[in-house]
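The transmembrane segment annotation in Swiss-Prot covers 39-59, 84-104, 109-124, 131-151, 168-188, 213-233, 237-257, 271-291.
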Amino acid sequence: MPTRANKVETAWSALLAGASETRQEHLAPSPLFILRQTLFCVLAAYLFCGAGMVWNDWIDRDIDANVARTKNRPLASGKVTTAQAFVWMALQVIASCAVLHVMLDGKDVHVIPVMIASMLYPFLKRPTAKKLHIYPQYMLAFTIAWPAIPGRAAICGRDESFGETVRYCLPLCTVVFFWTIYLNTAYSYQDVVDDRKLNVNSFYNIAGRHTHLVLVALVCPILACLPLYLTQFQSTWLWVTWMGVWTAAFAVQLALFDAKQPASGGSLHKSNFVLGIWTIVVCSVELLLKARVSI
């Protein structure tokens, strides 16, 4: 399961919503308000993702104990009891919900879908889900993509309906959905040998020797939907530093990935971590540029 760092899209969404709002002639939010809300978004996502990781490791502890890369995880190795894990998970959920309640001005309904999806995710690795052609990457991608909506709502929620917020965020959610499947397929491919022995239901197990082609196919909707999102901001900066850099990065990643070397999936995942942080910087600069113009 991806690390907490993969919750960067909520920051992208909040920062660019703020950049767009600063162009308003009346009642435009201040850059400090936008940055504060963005920090709340990141903190809430970080805490909730931490809780989700504990939940995932709790349900998967028997599987993880039989996989070389994961057998030393706290729950799988027995270093942490299930009771201790539950308390830590509950504390993170409570803290995350408290931050979200303040950030969204009480509109907590925005986070219900991602809570349900996070609870279901680990169960989709079981053979039963495989029979229904449901793979855990679908649910994981949804849980990573959805926070773009609370991210925008943190800035525009008082003036937009839920439907309007979803409409603005849909292209970004689609980008992040396929991006998550892309990087998770590569990341999880490191365990392909052990997971096949355990009959773990996962996308990369189905892809088999065609994993490289699957990764190429997953990049296509990312690069197709990203322009749909960036068009609304009318920013040359975003086109060059986001669209341009992502396109070049994907080309390099796909060239270096080797299906015969499962460890190369880890390198691809790390590269996308850097890409996510880079995009936060890009969106922050866009906010500053728009704020300077509006002064």
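Cβ from N, Cα, C; glycine included.
Just so it is clear, the model here is predicted, and its values are computed rather than measured.
Counted as Cβ pairs under 8 Å, contacts with the transmembrane segment (84-104) are highest for 39-59 among 39-59, 168-188, 213-233, 237-257, 271-291. Long-range contacts of the transmembrane segment (168-188) within the same chain, counting only residues at least 6 positions beyond its ends with a Cβ under 8 Å from a Cβ of the stretch, are 1-2, 6, 9, 12-13, 17, 137-138, 140-142, 144-146, 148-149, 151-152, 156, 160, 195, 202-204, 207, 211, 214-215, 218-219, 221-222, 225-226, 228-229, 232, 257, 264-266, 268-269, 272. Sequence-distant contacts of the transmembrane segment (271-291) (same chain, at least 6 residues past either end, Cβ-Cβ under 8 Å): 3, 5-6, 8-9, 11-12, 15-16, 18-20, 22-23, 31, 34-35, 179, 182-183, 233, 235, 237-238, 241-242, 245-246, 249, 252-253.
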